[in-house]
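Asker: Sharing the record's features from TrEMBL:
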- D228, E232: Mg(2+) 1 binding site (BINDING)
- D228, E264, E268: Mg(2+) 2 binding site (BINDING)
- S290: substrate binding site (BINDING)
- 30-219: domain 'KARI N-terminal Rossmann' (DOMAIN)
- 220-367: domain 'KARI C-terminal knotted' (DOMAIN)
Amino acid sequence: MFRFNAKALASAKPIVGSVRYVRTINFAGTNEVVHERSDYPAQKLKEFFSGSPIAVIGYGSQGYGQGLNLRDNGLDVLVGVREGGESWKLAQEDGWVPGKNLFPINEAIDRSSYVLNLLSDAAQSSTWPQIKDRLEGKTLCFSHGFSPVFHELTKVEPPSNVDTILVAPKGSGRTVRSLFKEGRGINSSYAVWKDVSGKAEEKAVALAIAVGSGYVYETTFEREVYSDLYGERGCLMGGIHGMFLAQYEVLRENGHTPSEAFNETVEEATQSLYPLIGKYGMDYMYDACSTTARRGALDWYPRFKDALKPVFEDLYQSVKDGSETKRSLDFNSQADYRDRLEEELQTIRNMEIWKVGKEVRKLRPENVQV
Ligand SMILES: NC(=O)c1ccc[n+]([C@@H]2O[C@H](COP(=O)([O-])OP(=O)(O)OC[C@H]3O[C@@H](n4cnc5c(N)ncnc54)[C@H](OP(=O)(O)O)[C@@H]3O)[C@@H](O)[C@H]2O)c1
């Protein structure tokens with residue numbers, strides 16, 4: 001547990017001399033520091049951020065989740081987005097009021113002590129020239145290490161006189177919001193890029209809890225961005241999609257019906273087996289399956305691992321050398337990037353496997369009307 005006294009919080013000075021319990025957890029032999037939400041009740045957060053307005057710049061998935069959670073935590077928060085854009089409209093629908101707590105980006109920054117840069121990663125780069133000179137005396141926070149770590153490509157170099165921190169929720173902003181509303185919190189990581197005040201770490205942890213985190217893990221900007229870009233291209237999204245497609249295609253090429261191919265590839269995975277891995281672990285999932293299934297999976301997983309490892313090695317290299325960042329910036333900076341993305345998503349929607357999925361989902365017990 002990690003505790004400090006209210007007086008120290010009120011003055012927002014580094015906590016020196018007060019008892020501070022930091023939870024150290026042994027993760028399979030490696031000790032890591034973890035902070036938790038219960039160490040920062042609402043009143044302490046209010047005292048910590050008292051007199052320090054927080055500007056949430058951008059109102060995409062993270063701006064929405066983090067902004068509303070900060071507001072519900074009773075903090076002085078304002079949203080900054082471009083006037084007349086989609087986000088300006090969405091923010092108003094969520095109760096942000098122009099001139100009160102909704103402002104154009106520059107004005108929101110000027111009115112704040114904390115600046116949470118939650119623009120799209122491409123927009124962080126293109127708007128940096130207008131933002132960088134307004135940051136003196138403030139604390140700058142990112143939710144991704146992308147912009148500062150790849151500064152040679154993004155041109156985002158936090159000023160040397162500004163506390164610069166990272167609070168990165170491990171999930172979409174929608175989940176940041178829904179878990180907060182359920183009285184729980186998403187896991188996040190935090191890091192310090194530049195500690196000018198001597199309080200940057202404390203600010204990062206407090207901010208992480210304030211935006212709706214449950215447990216907060218220590219990282220670095222580099223580790224966060226490398227693992228994040230790698231993971232989403234790999235097992236979280238790209239890799240798993242590729243594996244589903246390969247398995248489905250071979251089943252179809254061997255005469256299996258669309259529903260059978262889908263059920264054996266996606267439906268059983270997502271509805272029956274993967275939730276077991278999530279809840280109880282891989283060994284439990286093996287244990288829950290037949291001896292025939294177990295024997296086969298135990299024999300084949302090393303072959304899949306060996307076949308895929310070189311692909312993951314290429315991927316990590318492509319993340320680390322900036323190729324993935326360059327590709328993302330080039331694509332997402334184009335004026336028509338939303339239309340082009342939509343075209344690619346349409347291609348996925350039109351794949352046989354995902355069209356079959358739509359029909360299979362209708363037949364799930366919870367979707368069948370009796
Ligand atoms: N989404 C996630 O799951 C997730 C998870 C963890 C961390 N993160 C990180 O959180 C940050 C925000 O991501 P996000 O997914 O919430 O947002 P996003 O959808 O990538 O970005 C949306 C915001 O960027 C603004 N924007 C785009 N182009 C702009 C421009 N040229 N000028 C001004 N504003 C512009 C949009 O405003 P308009 O509506 O006006 O276009 C909108 O408010 C990123 O650093 C991301 O890597 C995201």
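Cβ coordinates are placed from backbone N, Cα and C, and glycine is handled just like the others.
Because the structure is a prediction, the values reported are computed rather than measured.
Map these features onto the structure and tell me what's around them.
Answerer: Here D228 (Mg(2+) 1 binding site) comes close to H144, G145, A168: these same-chain residues lie at least six apart in sequence, with C-beta atoms under 8 angstroms from its C-beta.
DSSP assigns E268 (Mg(2+) 2 binding site) to a helix in the three-state reduction.
The DSSP secondary structure for S290 (substrate binding site) is coil. All protein chains shown were included, and the count of other CB atoms within 10 Å of the CB of S290 (substrate binding site) stands at 8.
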Asker: Could you state the CA-to-CA distance between S290 (substrate binding site) and E268 (Mg(2+) 2 binding site) to the nearest Å?
Answerer: 14
Asker: Quick check for the class: what is the C-alpha distance, in angstrom and rounded, between E264 (Mg(2+) 2 binding site) and E232 (Mg(2+) 1 binding site)?
Answerer: 24
Asker: What's the number of neighbouring CB atoms sitting within 10 A of the CB on E264 (Mg(2+) 2 binding site)?
Answerer: 14
Asker: Cα-Cα, whole number of Å: E232 (Mg(2+) 1 binding site) versus E268 (Mg(2+) 2 binding site)?
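Answerer: On Cα coordinates alone, these residues lie 22 Å apart.
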